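Enquirer: The structure is given below, and queries will be raised subsequently.
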């Protein structure tokens, strides 16, 4: 009797992707975050779908509809807090996933890496438009400030901003289209995830040693399905602790006040996962320069395959680059902290130093350390 999963046209694809997939036997828990991101995406789509059933994308009722979800809908408060804190868990997993890719040299699989960058940007866009939907003070002013950055584009900037707003300010038309974008983008992300996996399975997974693992592969199921299951349980535990015990810890108190175009909050800031890019944006006095730096802070990830000159794969046997890598992580944490601080001395100066360091490490220090380590190997 033929095995169904190996012969059925549809099940065969699933089998080659998740069951009989040859996987390096040495991959560590840092490789769990890909599957955790998949789980986060499913949680976000499901909770988002239930929220969309009760939400109204109208400036007069949006804030009230979110309050209604929390007060009157069965377990509405739980669905809302799972969705809001699920976004934070999503970005934590995303940052670790990208960090692991840099540390272990996964960027040499350039197609997978580039699709990953597109996924990162799409996820950031989804989170941004989602943050506008509750129509609180920070939602409104965050949308106004960030969309207004496009006015820095020469010639077409002002027209472009008004086109995105659907008027002369952030208003009903803006909220309606942002809701439409927030609904459709997760499905685009899902399609991109499939392309990401397709490219990954063309080459096979990387592994911690950075060596060729063709001679040492094991089937994905049951070894890594069980391992992923443990990761998923820990993720759900962390999400539940966050949603049930500290639901508002990562939110902004200003967002409990309905949007008021006549009253600007003292400190306009985005969600915590955008603060590093926001700090880079604010550290440049010129508006257009700030916007370019903001975009480059993400797109610079695409330079990793191009600037990599190392004869070794990953950083596991490269102490100099390891030191630079962990300096880079510390620098990112500093940027995140600065992004949440007011625009005053000494925070502006620290932000400028951290922003320069961010780009210097990637463009100059890492390639230089690659060359030094290559020369050390020759000795």
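A Cβ is built for glycine as well, from the same backbone N, Cα and C atoms used for every other residue.
Summarising the annotation, Swiss-Prot assigns heme b b562 binding site to 83, 182 and lists similarity to another entry as the type of evidence. Summarising the annotation, Swiss-Prot assigns heme b b566 binding site to 97, 196. Under the heading ubiquinone binding site, Swiss-Prot lists 201, citing similarity to another entry as support. What Swiss-Prot lists as transmembrane segment is 33-53, 77-98, 113-133, 178-198, 226-246, 288-308, 320-340, 347-367.
Any idea what these are sitting next to in the structure?
Expert: Counting only same-chain residues six or more apart in sequence, the Cβ atoms lying under 8 angstroms from the Cβ of residue 83 (heme b b562 binding site) belong to 44, 47, 48, 51.
In this view, residue 97 (heme b b566 binding site) is surrounded by 20 other Cβ atoms within 10 Å of its Cβ, with every protein chain counted.
A helical conformation is recorded for residue 201 (ubiquinone binding site) in the three-state DSSP classification. Using a 10 Å Cβ-Cβ cutoff, residue 201 (ubiquinone binding site) registers 14 neighbours.
Sequence-distant neighbours of the transmembrane segment (33-53) (same chain, 6+ residues past either end, Cβ-Cβ under 8 Å): 69, 79-80, 82-83, 86-87, 89-90, 93-94, 96-97, 100, 182-183, 186-187, 189-190, 193, 228, 231-232, 235, 239.
Same-chain residues lying 6 or more positions outside the transmembrane segment (77-98) and placing a CB less than 8 Å from one of its CB atoms are 30, 33-34, 36-37, 40-41, 43-44, 47-48, 50-51, 66, 69-71, 116, 120, 123, 127, 130, 235, 238-239, 242-244, 247, 250-251, 271-273, 301.
Counting residues 6+ beyond its ends, the transmembrane segment (113-133) has Cβ neighbours under 8 Å at 55, 57, 62, 66, 87, 90-91, 94, 98, 101, 106-107, 139-140, 142-143, 146, 174-175, 178-179, 181-182, 185-186, 188-189, 192-193, 195-196, 199, 270-271, 273-274, 298-299, 301-302, 304-305 in the same chain.
Long-range contacts of the transmembrane segment (226-246) within its own chain (CB-CB distance under 8 A, at least 6 residues past either end) are made by residues 29, 32-33, 35-36, 39-40, 43, 78, 81-82, 85-86, 88-89, 93.
Residues of the same chain lying 6 or more positions beyond the ends of the transmembrane segment (288-308) and with a Cβ under 8 Å from any Cβ of it are 98, 102, 105, 107-108, 110, 113-114, 117, 120-121, 124, 149-150, 152-154, 276-278, 280-282, 355, 358-359, 362-363, 366-367, 370.
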Enquirer: Check each residue in the chain of residue 196 (heme b b566 binding site) that is at least six apart in sequence and keep those whose C-beta is under 8 Å from its C-beta; list them in sequence order.
Expert: 112, 115, 116, 119
Enquirer: Need the DSSP three-state call for residue 97 (heme b b566 binding site) to compare against my parser.
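Expert: It is helical.
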Enquirer: Have a look around residue 182 (heme b b562 binding site) and count the other CB atoms within 10 A of its CB, chains all included.
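Expert: The Cβ of residue 182 (heme b b562 binding site) has 22 Cβ neighbours within 10 Å.
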Enquirer: Give residue numbers and ranges for long-range contacts of the transmembrane segment (178-198): same chain, 6 or more residues beyond its ends, CB-CB under 8 A.
Expert: 17, 38, 41, 44-45, 48, 52, 55, 57, 112, 115-116, 118-119, 122-123, 125-126, 129-130, 132-133, 143
Enquirer: Which whole-number value in Å describes the distance between the Cα atoms of residue 182 (heme b b562 binding site) and residue 201 (ubiquinone binding site)?
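Expert: Rounded to a whole number, the Cα-Cα distance is 29 Å.
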